[in-house]
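*Asks:* Not my notes, these are from Swiss-Prot:
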- HIS37: active site, proton acceptor (ACT_SITE)
- HIS143: active site, proton donor (ACT_SITE)
- LYS32, ARG35, LYS65, PRO66, VAL67, ASN68, THR69, LYS90, ARG109: substrate binding site (BINDING)
- CYS50-CYS108: disulfide bond (DISULFID)
- CYS64-CYS119: disulfide bond (DISULFID)
- CYS82-CYS134: disulfide bond (DISULFID)
- CYS89-CYS96: disulfide bond (DISULFID)
- 1-25: signal peptide (SIGNAL)
Amino acid sequence: MGLEKSLMLFPLLVLVLGLVQPSLGRESSAMKFERQHMDSAGTGSSPTYCNQMMMRREMTNGSCKPVNTFVHEPLAHVHAACSQKNVTCKNGKGNCYKSSSALHITDCRLKGNSKYPNCDYQTSNYQKRIIVACEGNPYVPVHLDASV
């Protein structure tokens, strides 16, 4: 009888694992934001900073991401933007927020003559406010919409 129950439950187990498994290795939007935009320990001061970081953070796999911004502040300062002034996102959604103060950022822009797999970036440092889209519970940044 124990074997019969096991054989009856086996298809159910396979179904549950089939539904759960695809999400196991998936990067959340908040984790992707951190990977693509956070560098709290860095300064972005080297001319090769963007080339190194874009490769290290997997934004040159298969193609060159044209533009990216790294934030050189504690993650808590960036999370704090989600409780600041609400602004409309570039895509028209209403879940964007502007940081209350300027943050140290590095903009990486693909140079005009650069092509995959030799992605070559211009590195520029600024002190600017950032606009982030926030989602979830807890409410955290999931997209860097702009720097102003």
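Yeah, the Cβs are placed from backbone N, Cα and C, and that goes for glycine too.
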*Asks:* Report the largest Cα to Cα distance, in Å and rounded to a whole number, among the residues LYS32, ARG35, LYS65, PRO66, VAL67, ASN68, THR69, LYS90, ARG109 that the record lists as binding substrate.
*Replies:* 22
*Asks:* When the Cα of LYS65 (substrate binding site) is compared with the Cα of each of the recorded positions HIS37, CYS50, CYS119, CYS134, which one is closest?
*Replies:* CYS119
*Asks:* Using a 10 Å radius around each Cβ and all protein chains in view, which of these recorded positions has the most neighbours: CYS50, CYS64, VAL67, CYS82, CYS108?
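*Replies:* Answer returned by the neighbour count: CYS50.
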*Asks:* Whole-number Å distance between the CA of HIS37 (active site, proton acceptor) and the CA of CYS119 (disulfide bond)?
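*Replies:* With the alpha carbons as reference points, the distance is 18 Å.
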*Asks:* Fewest other C-beta atoms within 10 angstroms of its own C-beta: which of the disulfide-bonded residues CYS89, CYS96, CYS119 fits that?
*Replies:* CYS89
*Asks:* Given the recorded positions LYS32, VAL67, THR69, CYS89, CYS134, which lie close to CYS108 (disulfide bond), meaning Cα to Cα within 10 A?
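*Replies:* Qualifying among LYS32, VAL67, THR69, CYS89, CYS134: VAL67, THR69.
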*Asks:* What's the CA to CA span in angstrom from LYS32 (substrate binding site) over to CYS134 (disulfide bond)?
*Replies:* 13
